[in-house]
Structure formats: structure tokens, C-alpha cells
Amino acid sequence: MYPLLFRTVLSRMDPEDAHHLASTAISLLPPSGLGWIARRLTAPDPSLAVDTLGLRFPSPFGVAAGFDKDARAVLGLGQLGFGHVEVGTVTAEAQPGNPRPRLFRLIEDRAVINRMGFNNGGAAALADRLRRLRTRRDRPVIGVNIGKTRVVAVEDAVADYVRTTRLVAPVADYLAVNVSSPNTPGLRGLQEIDLLRPLLTSIRDAADGVPVLVKIAPDLQDAEVERIAELATELGLAGVIATNTTLSRADLRTDAAVVEAAGAGGLSGAPLAPRALEVLRILRRVLPSDACIISVGGVDTADDVQSRLDAGATLVQGYTAFLYRGPLWARSINAGLARIRRPR
């Protein structure tokens, strides 16, 4: 049914309007009572539970940052079967993001180009919402992805990130430090070790024991990935999230004119899968065995998720395929993982 709805209705809507419609519908699951029914249909098999970051994740599969920037649909996403929800990216101050249009589908590639620009309601508002959510026993694990406020100069980034950390860390299960979005000027430069070291050190200290992971770009050279993994180990971070969106437009099926018309931004979805898997393997080789690696990028099926777990991921996230697969995507992933693991 969803493929028909996507083909005939949603694909003809502005992508951002369609996303808003979907996220609003998901946020209404709990108060409508439909969430209880959904949970009975989507609850992950107990065998899928993962213990990491000092937490129990009911499934290794969660929602990547970007889908629920302001934590308005967390409970509904949990009721759809996602084991964790990474909200954000959130910044110290509310900001509108880049001008629209800023989200573009590449349907032939099952991909998306976005240049959202960290549009969000600010860290204080997010913290208030998460404080209320933390009282709910039926909530999923909640990570908070933090980024640099656009108007803050790169040289002032440490203070900006620390301000956000102090607001959201007390109500987060873990923090993800976003230094890899291509849509905030100067942000990716923070992945340089000389800039990254003081930033991560300050965030780690401000987080006051809340697990901290750093999210990296797929466009880094292999040696740069290794150096960041070594730094994460040196600083005692909980792990690494790999990867964010890519600037590459190589090997796309979509007509080149359509891709060019979309313009600048990060590409996510199926074309990212090969590089995301390569980066995962590098990280697993370099990081300690107990470090948490969250693999994200190009995940579509249960087999995709299992291949990331087999390659060393602790957890796996998805987002873009959610737009193409629909609301029962997490249920399909969890059911597929249970079948793969069932003794034969």
C-alpha cells in the first residue's frame, strides 16, 4: 500500500512538506491510541537487544539524526519499532536553516540531497521536551546530535558546542558530535585533528559522564578516518558514528541535469552504502573492541543491517530509506533480523 501512496501522492509533494506530514502523523500515534496497536505489531524480538553505552537497546536498528530534529515524534518512532532515535541536529540557538527548497529526491537512486542547514528550535526547547520524555517508561533510547550554530565563527565553536552540551546532556542517553555536515560553512574543517582535539575534550568534560560519540564524513581519506578513531580512543570517547552525507555525485542513475538542478548539499541513501561500509571496517580495525560504532548510510533491508553488524557495527541507523519504505520499515528490518538469526 505504501509504495502506491508514495508513487501517486507523496512523490508529487514537495519533499519537505511530505516529511513534515509524515513526522506529524508519527507524532500523533501515542495520543491517538494507535501507537499501542503499532507497538504490538512492531516490537523487536527480545533476541535483538544490544547492550552498549551502558544502555539496553531493544533493537540494533534506529533512526539517524535529521528525521526528528526537535524530538516531536520520538515516542511514535519507538512504537514503530526503532530501537533508538537520534534527535537533532540541535544548536545552542534556534535557527531557520537554509532557504527552501532544500530537500530533493533522487528516486532512481533511492537517495536524497539535502542542504537543510541545521534548522531547529534550539537546545533549551529540545531539553525541555526531552525532560518530559524521560519520564516515559515506553520511550526508546534517545541520542542527541549537536552541531555548531551557523552565526558562530569556527574559532568560537568550542564554547558554542559546550553551551549546547550543558543544556542537553542531562536529558540525553548519549551525545553525537556533528562535525561532518556539509551544509554549515566551515563545519567539516573541525574534523582536522588540531581543531577536533580541544572540541571533543571540552564536550566530553561538559557531558559529565554521558557517552559521547563523534559523527564523521564519508569524504575523509582513509588515513584521516584512522586518525580520528585514534583520537576518539585517546580521549576516552564512547565511539564513532559513520557516516554523514557525502558531497560526491559519482555513479548516480538519476539524470545529470536533475542532479545539477538540485544543487549543493549532502547526498544520502543507497549510493552511500559502499563507502559507509569501507569506513566502518576501518573504524572496527582501529578502535578498541568495546568501542561503540554506529553505522549509517545506504541501509535499506535487514540484510544490509546484518552486513553492517557482521562488519563490526554495534548499532545501525537509517533515514533516507524510511522515506521510500514507509512506516513499517523498522518492523520489516527487525523481523528480517530475527529470521536471519533464527537457528536452521
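Here the Cβ of each residue, glycine as well, is placed from N, Cα and C on the backbone.
In the three-state DSSP classification, SER181 (active site, nucleophile) falls within coil. Taking a C-beta cut-off of under 8 Å and a sequence gap of six or more, SER181 (active site, nucleophile) has these contacts in its own chain: THR89, PHE118, GLY147, LEU187, ARG188, ASN244, THR245, GLY266. The active site, nucleophile annotation in Swiss-Prot covers SER181 and rests on sequence analysis.
The FMN binding site annotation in Swiss-Prot covers ALA65, GLY66, PHE67, ASP68, LYS69, THR89, ASN145, ASN178, LYS215, THR243, GLY269, GLY298, TYR319, THR320. Summarising the environment of ASN145 (FMN binding site), the number of other Cβ atoms within 10 Å of its Cβ, over all protein chains shown, is 27.
Swiss-Prot lists LYS69, ASN114, ARG115, MET116, GLY117, PHE118, ASN178, ASN183, ASN244, THR245 with the feature substrate binding site, giving sequence analysis as the kind of evidence. Every protein chain considered, the tally of other Cβ atoms within 10 Å of the Cβ of ASN244 (substrate binding site) stands at 29.
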Protein Cβ atoms within 10 Å of LYS69 (FMN binding site), excluding its own: 21
Rounded to the nearest Å - Cα separation of GLY269 (FMN binding site) and ASN178 (substrate binding site): 18
Residues LYS69, ASN114, ARG115, MET116, GLY117, PHE118, ASN178, ASN183, ASN244, THR245 binding substrate per the record - widest CA separation, whole Å: 16
Fewest other C-beta atoms within 10 angstroms, as judged across ARG115, LYS215, which are the binding-site residues: ARG115
Cβ-centroid neighbours of substrate site LYS69, ASN114, ARG115, MET116, GLY117, PHE118, ASN178, ASN183, ASN244, THR245, 8 Å, sequence order: GLY66, THR89, GLY97, SER181, PRO182, THR184, GLY265, GLY266
Annotated FMN contacts ALA65, GLY66, PHE67, ASP68, LYS69, THR89, ASN145, ASN178, LYS215, THR243, GLY269, GLY298, TYR319, THR320, maximal Cα-Cα distance (Å, integer): 20
